[in-house]
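Peer 1: Let me begin by handing over the structure; questions about it come next.
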Amino acid sequence: MGACFSVAISCDQAVNNLTSCLSRNQNRFRNLVDHVAALKKTVRQLEARRDDLLKRIKVQEDRGLNLLDEVQQWLSEVESRVCEAHDILSQSDEEIDNLCCGQYCSKRCKYSYDYSKSVINKLQDVENLLSKGVFDEVAQKGPIPKVEERLFHQEIVGQEAIVESTWNSMMEVGVGLLGIYGMGGVGKTTLLSQINNKFRTVSNDFDIAIWVVVSKNPTVKRIQEDIGKRLDLYNEGWEQKTENEIASTIKRSLENKKYMLLLDDMWTKVDLANIGIPVPKRNGSKIAFTSRSNEVCGKMGVDKEIEVTCLMWDDAWDLFTRNMKETLESHPKIPEVAKSIARKCNGLPLALNVIGETMARKKSIEEWHDAVGVFSGIEADILSILKFSYDDLKCEKTKSCFLFSALFPEDYEIGKDDLIEYWVGQGIILGSKGINYKGYTIIGTLTRAYLLKESETKEKVKMHDVVREMALWISSGCGDQKQKNVLVVEANAQLRDIPKIEDQKAVRRMSLIYNQIEEACESLHCPKLETLLLRDNRLRKISREFLSHVPILMVLDLSLNPNLIELPSFSPLYSLRFLNLSCTGITSLPDGLYALRNLLYLNLEHTYMLKRIYEIHDLPNLEVLKLYASGIDITDKLVRQIQAMKHLYLLTITLRNSSGLEIFLGDTRFSSYTEGLTLDEQSYYQSLKVPLATISSSRFLEIQDSHIPKIEIEGSSSNESEIVGPRVRRDISFINLRKVRLDNCTGLKDLTWLVFAPHLATLYVVCLPDIEHIISRSEESRLQKTCELAGVIPFRELEFLTLRNLGQLKSIYRDPLLFGKLKEINIKSCPKLTKLPLDSRSAWKQNVVINAEEEWLQGLQWEDVATKERFFPS
């Protein structure tokens, strides 16, 4: 009986437990399948909203804006909640299988109860987070720097005293407006640049220094625009405001600031009140400007003026001979002749620089005697003196390239590659795989002769305004009235219409860059016109007649006209070799384009509205094709047409189509001419295998909005796929790769293959939620030995490093790196990155700027005290 009684109690308990379980949890168990499905759906919605937000963030950050803290907080919560949700969902199949009794109960009642509860709670969390993820704004502008450093290329000789006296004059209590005047090329801009930079090194109580280049033909609105951008006032509605409205905005901003306004290269009086500049004396603010004319100083009503004069003889001789030591010692009579030539420069720094550099290469006394005869006397015109350096250029092609470079506006920096492509289009140099070598050789010749000046990044060049005047003077026949219409250069002249030309039949080159021209309707009757530059205007309409009578036009640049949607027939342009339609709003290519049998260069980059191009193979002589960031669907058919182009030597391309990408990666012939490759919205691969040969010539590589867990690099001489790591051979090297950008890519854990990009200058890694290391920690020890064998120094030429929104990133590289050219590090929202690969020897002699959140910088670990003092002094 006892045994039966015991069993009865046990059964009762089991029944009671089952009844209790069913009564308490039947709805929870019965609805588990629905709750799991709802959680999956809501997580997908949250991930989609996150991805859309990341795209908006990318656009804003590309504009220099900083991510809002509330948006960053939301993204961090999303990453956390999504990971937690996926962990819960990974158990869903097992838990659903455990349901029994018509899904009213579970084989593991207590555990399933807890699981069902966690699903419901997480669903509520995700729904709540989804509702919070609606943001009108995602980013805002950061603090305005007090001063922006100015770089100057001219050798500083003999200006020490005038810099000090100018600074002291500006600091005088009674001086609010200072005028600096002197002839062209005397060093006024260099002087003003040094004054600007003193605000970085000398203690002062100014709130902001503002630099504006005025130049010829200034407009109030253009000056207002530059000031507005510096004050962070410029926005999308700026163009619709009147000058008076903008002036009021600028005035309100400056009234409560102690400002320093530096206006360079003023040719006429500028009404400061119309611009919105408050009276400087009221709160100790200062305004200084440079001009070639003392008359401008008088018209401006300056409180004090300073004349910048030519150098005294000792300083002039020092500047002239600074690179001549070996030359002066090569013959005993050369110093005497050199002094004769130096004196003819009249102490003008620009002439001394230009002529001195030219003469430094002449080693024989005969060459020096010949140079003396070029100058007619001490009173020779400065353009004639400067022309000597032009005449000394041995190659006629180099001379032609130099003269072409004057078609751009004053102070206009143009990319070296862009300039070379113009030269090819004009037929000055031939296009080929070696184009850059020849073009860069010519640029090197011109920069060494001080006829072109390199930008800070070395990627762009510009002309000194006096040198540009000389080039335009030469192109127009050195003052010969009969040739004055050969060249029409009205760049940055505030034109609203195509200018009237007195003798159209004489015109060979026309540059109307950077104006406000909206329509080009009247026919150009220019039978000799070879070059027409209309880039960076406001073009909306080009009539059929406009281009009907320019039979030998070779270069046509319509780029940077975003409102230009339709184009007339290009059938009359049968001589055209160069066509740039980048950054326009065109929706289709013009009629007659495919009949242009002489076309060598076609640029369709950033034509977002252009969706298709047809029969590209009908352009048999095309050598350069640029399709980066266009809206064109690069289908497998189009890729095969590009494959068949026999003369192509430069290609940029954005691939969104998986079939097109497979054909592209499968043909190593693309390697010889693909300069830039962008993979966009690629989510078809668990492992993307990229043949080394396909990207060995690429200068930039971008991967964005993609899910690719692994990037593998296939070797160039075997069928084995080699992940760039310890087994990489010496021949695996991305020798040409200069820029890498990865944006919103999931799955990638590291970027170890970047070690073998020895010339990488820019690395931009943003929104990679899974990346843990830039260079894999597990491979570093073996990589180090491989690098030594291959002669590779990781990141030795890296200049700019940007890492943002990398929640799992723990390290860049295990050991400190030399970073021989590093200029800037930008870190944001990388909470697990606690140390940079720097020591006290890193970036030696470089002034590295580290931009990061203050809290993150304070918590950063440093190699030692010396390293911290070097990069983050207290």
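Including glycine, each Cβ sits where the backbone N, Cα and C put it.
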Peer 1: According to Swiss-Prot, coiled coil applies to one of these ranges: 22-74, 234-286, 658-710. Which one is it?
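Peer 2: It is 22-74 that Swiss-Prot describes as coiled coil.
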Peer 1: Give the residue counts of the repeat 'LRR 6' (598-620) per reduced DSSP state, in the order helix, strand, coil.
Peer 2: 3 helix, 3 strand, 17 coil
Peer 1: Would you mind pulling the DSSP three-state label for G182 (ATP binding site)?
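Peer 2: SS state of G182 (ATP binding site) = coil.
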Peer 1: Which sequence positions outside the repeat 'LRR 7' (621-642), separated from its termini by at least 6 residues, show Cβ-Cβ distances below 8 Å to it?
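Peer 2: Counting only partners 6 or more residues beyond its ends, the repeat 'LRR 7' (621-642) has Cβ contacts under 8 Å with 421, 424, 431-432, 582, 597-613, 615, 648-657, 659-660, 662-664, 676, 678.
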Peer 1: Cβ atoms within 10 Å, counted per site: which of M183, V186 has the most, among these binding-site residues?
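Peer 2: Result for the most crowded candidate: V186.
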Peer 1: Taking only same-chain residues 6+ apart in sequence, whose CB is under 8 Å from that of T189 (ATP binding site), what do you get?
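Peer 2: Within the chain, T189 (ATP binding site) has Cβ neighbours under 8 Å at F152, D264, D265, T290.
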Peer 1: Determine which residues of the chain contact the repeat 'LRR 2' (506-527) at the Cβ level, with the cut-off under 8 Å and only residues 6 or more beyond its ends counted.
Peer 2: 404, 407-409, 412, 475, 483, 485-499, 533-543, 545-552
Peer 1: Counting all other Cβ atoms within 10 Å across every protein chain shown, which of the binding-site residues G184, G187 scores highest?
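Peer 2: Of the binding-site residues G184, G187, the highest Cβ count within 10 Å belongs to G187.
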Peer 1: Which whole number is the mean pLDDT over the coiled coil (22-74)?
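Peer 2: Looking only at the coiled coil (22-74), pLDDT averages out to 77.
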